[in-house]
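So that you can see what the record holds, here are the features copied from Swiss-Prot:
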BINDING   Gly75, Pro76, Glu77, Ser78, Ser79, Gly80, Lys81, Thr82  ATP binding site
Amino acid sequence: MAKEKDEALSPQQEKLKALQAAMSKIEKDYGKGSIMRMGDEQIDNVEVIPTGSIGLNAALGVGGYPKGRIIEIYGPESSGKTTLAIHAIAECQKNGGIAAFIDAEHAFDRFYAAHLGVDVENLYISQPDNGEQALEIADQLIRSSAIDIIVIDSVAALTPKKEIEGDMGDSAVGLQARLMSQALRKLTSTISKTNTTCIFINQLREKIGVMFGNPETTTGGNALKFYASVRLDIRKVTAIKDGDNIIGNQVRVKVIKNKVAPPFRKAEFEITFGEGISKIGEIVDLGVEYEIIKKSGSWFSYGDSKLAQGRDAVKALLKDNPELCEELEAKIMEAIADKK
């Protein structure tokens, strides 16, 4: 009798035994790793694809766009949404990755992409006829497990087949939202399993009749808002001029949603027409912010030596001295890492 009592399991042990049996069956049915206890394995750092901007890498908290996740980049027209996505493709290719671009807008500029560092010869591009075709192509590419990053430009251009085949005046309320909801339900687990970074570019619209609060909303319904791990809001701050000519824009990117690090951080940088994100401009600005470059009046100095007078002169100096530029970048990266 006493022996039976010793062998009797406590309620907690009974639970664990039942759980172990369930886990064994799940692993047998769906494969090893389909369920695990978080404490059994050390969680690795989040794998990322750099954004092409030092400041934005820091604002995202993990050093770039997380792999195996959905990213949404949205903002007003000509704010730099596609430029950000193209920079991500360039960074992915630099590290040996394979990239695809679903050009639903039929507006991809291969020469601009090449200027930004994209290997256009090895970029896979599709210009689909309708939204269903675009998302089906994206799904098949992701399922191949061969693609590291895929960009869909843009959600607003993912027009449902029914709307394209109908007449101009036909009502198509909610068709695109339903299409996005169905597609994202299907895509999410595949994106995670294949470790693909999926970037959706989206546009802004204004809700009619909103008296209070923000009337702005993104296209394609609410599904993307929920499924996206990272949402970036990009806006123009000021125009950059060379005399009377506008040569680019100063933009601000706000991390509206972030499931892998704290959200609501911001990054500001220059986007120069034809060249993309100004890395040297960022190095100057972040160098001053982290007190690596000292600014006194209009003079900039580094260590014991004066660099130049005026920000543009410093940028020109760093452009001609890549070693100094790399040294400053390394010190900025150290300062960002220490701040975390």
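The backbone N, Cα and C atoms fix where each Cβ goes, and this holds for glycine too.
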Out of these binding-site residues, Gly75, Pro76, Gly80, which one has the fewest other C-beta atoms within 10 Å of its own C-beta?
Pro76
Looking only at Cβ atoms, how many others are within 10 Å of the one on Ser79 (ATP binding site)?
23
Thr82 (ATP binding site) has how many other Cβ neighbours within 10 Å of its own Cβ?
22
What other residues of the same chain, not counting Gly75, Pro76, Glu77, Ser78, Ser79, Gly80, Lys81, Thr82, have a CB atom within 8 A of the CB centroid of the ATP site?
Ile234, Lys236
Could you list the residues of the same chain, at least six apart in sequence, whose Cβ is under 8 A from the Cβ of Ser78 (ATP binding site)?
Lys236
For Thr82 (ATP binding site): DSSP state (helix, strand, coil):
helix
Between the binding-site residues Glu77, Lys81, where is the Cβ count within 10 Å the lowest?
Glu77
